[in-house]
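K.L.:
I'd like to ask you about the structure that follows.
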Amino acid sequence: MDIIISGTVGVGKSTISEMLYLKLKNEYKLKTNLIKEITEENPYIDYYYQNKEEWSFLTQIDFLRLRFKGVFLNKDNDFINIYDRHFLDDYVFSSLYLVKESMSTLNFNIYKELNQQFLEKINYQKKKIYLFLLISDFQITLDRIKKRGRKAELDSKLNLYWKELYQKYYSDSKIREYFKKNSDYFYLIDADQSKEKILNDILQIIEKGNIYENSYQWNNRSWEKHSS
């Protein structure tokens, strides 16, 4: 089983992923891996935030490399793998106008082809995929970004980038369909709740997974509230 915790930057993915990992491993006594977000391992990320036009292609390619490595280091079918961001999220980032405009057409097509090839190899593993898309108020995500204090993320010039990323995740029907197509279970989770409530919602969905197979449960009021 693969569990993907997805959502925009600052929505709380790392915290919830860690809580879920500890819950499944320590309380449920299940064999569980946590594949953390790999931003710190990408040597190009700081340069990317400063100059997307020059560093966009290398940054996105290196993210693909690192995620592919993470998947195949944790491909044992006996384990539950929890992903704090995943290949599916890379599709969101690559579809941003600010990213596409910073790549040549050739480089962008190369990136898309590599992304698709890696995704096909992952899907051959035949694991059930749960995708939980965390959604929070946009201003709350900005406040969290500032609070964690990563230097490369604090430039006020990035606010347009964060806004476009937020809109892609929560207002773009193509992104929604892409997530649905590449997962067995797909749920929108209100991340403005308490951490304990978020964790409990996710656990309840997993426990009832065989009941909701191939259905997509949407909290429409939450969706409308945050994407308006």
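Backbone N, Cα and C define each Cβ position, glycine as well.
Predicted automatically and left uncurated, TrEMBL annotations should be read as such.
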K.L.:
Of GLU37, GLU164, which one shares the substrate site with TYR49, GLN60, ARG85, ASP89, GLU153 in TrEMBL?
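P.N.:
For the substrate site that includes TYR49, GLN60, ARG85, ASP89, GLU153, TrEMBL also lists GLU37.
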K.L.:
If we check Cα distances from GLU37 (substrate binding site), which of the recorded positions VAL11, THR15, ASP84, LYS147 wins as closest?
P.N.:
ASP84
K.L.:
Rank the binding-site residues LYS13, LYS147 by how many other Cβ atoms lie within 10 Å of each Cβ and give me the one with the fewest.
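P.N.:
Comparing Cβ neighbour counts within 10 Å for the binding-site residues LYS13, LYS147 gives LYS147.
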K.L.:
Of these binding-site residues, THR15, GLN60, which scores lowest on Cβ atoms within 10 Å?
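P.N.:
Looking at the binding-site residues THR15, GLN60, the Cβ with the fewest others within 10 Å is that of THR15.
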K.L.:
Near TYR49 (substrate binding site), how many other Cβ atoms are within 10 Å of its Cβ?
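P.N.:
Taking all protein chains shown, TYR49 (substrate binding site) has 19 Cβ neighbours within 10 Å.
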K.L.:
At the Cα level, what's the spacing in Å between VAL11 (ATP binding site) and ASP84 (active site, proton acceptor), rounded?
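P.N.:
That comes out at 11 Å between the alpha carbons.
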